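Visitor: Handing you this structure, nothing more for now.
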Amino acid sequence: MATVTAALVKELRERTAAGMMECKKALVAAEGDIELAIENMRKSGAAKAAKKAGNVAAEGAIIIKEEAGVAALLEVNCQTDFVAKDAGFLAFANEVAEVALAERLDIVALQAKFEDARIALVTKIGENISIRRVELVEGVALASYRHGEKIGVVVAGEGEAETLKHIAMHVAASKPEYVNPSDVPADVVEKEKAVQVEIAMNEGKPQEIAEKMVIGRMKKFTGEVSLTGQAFIMEPKKTVADILKEKGASVTTFVRLEVGEGIEKAAEMSFADEVAAVQKG
């Protein structure tokens with residue numbers, strides 16, 4: 001049996017980021033062959049990651065990376081808020097975002113590129129990790145805003161940096177779905193209109209009054225779901241359109257990501273339960 005030296009264990013730790021005892025065990029099993037040990041650890045890690053894949057990963061972080069004219073927004077998920085704050089998890093998420101920006105990768109290419117690193121992180125941390133979404137935003141002028149690490153926004157348009165930054169903050173808080181009322185898709189408008197017509201008819205209003213009510217309610221609806229039609233959070237008596245006009249600014253597009261959107265979350269765990277879950281693996 002080959003001797004497993006401390007130097008060999010140290011090298012394996014540096015190359016895999018695995019724990020000391022795990023590295024020693026792998027080297028003993030591989031009879032001191034570090035390349036075989038790494039191969040075996042990767043196979044073991046892939047098996048563990050496959051078992052974790054069914055676990056709901058609805059926590060995590062939103063990362064934003066920017067360079068001239070382009071920004072990348074990334075969502076990386078884990079199972080618990082405890083792990084979402086882990087330095088290793090955040091380092092992984094930041095590296096993925098940097099590569100997404102530098103290489104302009106879509107989500108499929110990004111997931112493929114980082115699959116080995118993801119498996120290694122799952123093995124180390126003991127939770128399911130998912131590279132869920134990436135959005136690339138281009139524009140003449142860009143502004144970004146992150147609310148903690150849970151919400152991220154990038155706004156593209158024209159105007160002063162401070163103005164666009166405030167618009168990004170508004171998007172984070174108010175969750176508009178479209179830039180302008182006219183951008184609301186026809187099918188969405190028709191669906192809402194049908195609802196409002198039924199409501200008006202059920203209220204027993206005369207047809208002429210009901211039609212006017214529906215027109216008013218639809219104008220309100222398209223305003224509420226669009227950025228420029230919303231009341232500006234910092235000056236509620238004005239709309240975002242008013243603010244943009246005053247500042248000589250405009251918005252062409254925006255992207256807002258929030259951790260866990262659309263994912264059905266499991267019952268919330270206490271902090272103690274989260275720690276216990278991480279320790280159990």
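Note that the numbers count up from 1, one per residue, in the order the chain is shown.
Cβ from N, Cα, C; glycine included.
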Visitor: Under Swiss-Prot, the annotation region 'Involved in Mg(2+) ion dislocation from EF-Tu' belongs to which of these stretches: 80-83, 192-195, 268-271?
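Guide: The listed stretch tagged region 'Involved in Mg(2+) ion dislocation from EF-Tu' in Swiss-Prot is 80-83.
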Visitor: Please count the residues of the region 'Involved in Mg(2+) ion dislocation from EF-Tu' (80-83) that DSSP assigns to helix (H, G, I), strand (E, B) and coil.
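Guide: Grouping H, G, I as helix and E, B as strand yields 3 helix, 0 strand, 1 coil.
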